[in-house]
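Student: The following feature annotations were taken from TrEMBL:
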type	residues	note
BINDING	8, 9, 10, 16, 17, 144, 145, 146, 183, 192, 193, 194, 195, 196	ATP binding site
BINDING	132	L-tryptophan binding site
MOTIF	9-17	motif ''HIGH' region'
MOTIF	192-196	motif ''KMSKS' region'
Ligand code: ADP
Ligand code: TRP
């Protein structure tokens, strides 16, 4: 299967991004043809500092590599290095239904969040995402639940294009984690864990042990004492149980058994320890990569070269189909 996914170079990567998206990428890269990239063009749609962008891109690249993306197995690159993404985005804009774009949850949320900057880029954001996906004839797109709507739209766009201009694109499918596709925020378990919320709501993949402990211990839990999975009635404890289960690789039922008759504090203490130990290798790898900037840059350059060859070939076909060549 051909697999592709991306992450924007905005903010800290957290355990939600890891459990919902990156962990799947690591599994998929073993047996599939994978493309992973840094979606820097997408990140321009929300307020940002131009002087920090290059630093953030490099930092995100280090995150990917520290998390386990293997550039020998996967094609790993920066979106803006491949001009074909923007070119295809424009062409797809001419088939994307505007009503669908206006219905996208992320567009509505971001317009609310950044009232002073509702730019056209926010609206066509999913068209650029469709271009990212279709350019490489991607079949599977491993993402968290919040992105499923965008992948469905990429399918619609592919279908419409194929109908109008002849079979050109593959219709992609979202690949979701069985558990962990929506990790909730620590201080508000009714909201998804997100890097655009305050740092109290998430645990970064590289969080220092002291901070992990502090954040887990102060995570919002529910009334009652029992450690029982019940997302409707006990969203806080259920979220922590999912996190515990995924990092310990033990089914939730077993985790419930371990903590039967024990209090929230004991469970949280144990979860903090589990997280400190599980995240230790990421912290180590990141520190090592921070001093290997040249290697990271060279890796991205090589990845772009490999991606470009495929992107150019697709665009050659697209230009002909559409009547531009
Ligand atoms: P954020 O919403 O934190 O800014 P991104 O939008 O950059 O994160 O998402 C990067 C990837 O991580 C996407 O595939 C997204 O679906 C996934 N993801 C984001 N938040 C979560 C979460 N809370 N639980 C599971 N997956 C998530
Ligand atoms: N929109 C995605 C997010 O916010 C990032 C992204 C951009 C992406 N292009 C993509 C994900 C293509 C999967 C495939 O998380």
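Placement of Cβ uses the backbone N, Cα and C atoms for every residue, glycine included.
Computed from a predicted structure; not experimentally measured.
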Student: Report, as numbers and ranges, every residue of the chain located at least six residues beyond the motif ''HIGH' region' (9-17) whose Cβ falls under 8 Å of a Cβ in that stretch; write 'none' if there are none.
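Tutor: Long-range Cβ neighbours of the motif ''HIGH' region' (9-17): 38-40, 43, 46, 48, 53, 56-57, 59-60, 63, 67, 144, 182-183, 192-196, 199, 202-206, 243, 275, 279.
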Student: Suppose we draw a 10 Å sphere around the Cβ of residue 132 (L-tryptophan binding site). How many other Cβ atoms does it contain, all chains included?
Tutor: 27
Student: Radius 10 Å, atoms counted are CB only; among the binding-site residues 8, 10, 17, which position scores highest?
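Tutor: The residue with the densest Cβ neighbourhood is 17.
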Student: Where does residue 193 (ATP binding site) sit in the DSSP three-state scheme?
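Tutor: Assignment for residue 193 (ATP binding site) reads coil.
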Student: For ligand 2, which among the binding-site residues 17, 183, 193, 195 have a CB under 6 Å from it?
Tutor: none
Student: For the binding-site residues 8, 17, 132, 193, 195, which residues place their CB under 6 A from an atom of ligand 1?
Tutor: 8, 17, 193, 195
Student: How big is the ATP site in terms of the longest C-alpha to C-alpha distance among 8, 9, 10, 16, 17, 144, 145, 146, 183, 192, 193, 194, 195, 196, in angstrom?
Tutor: 20
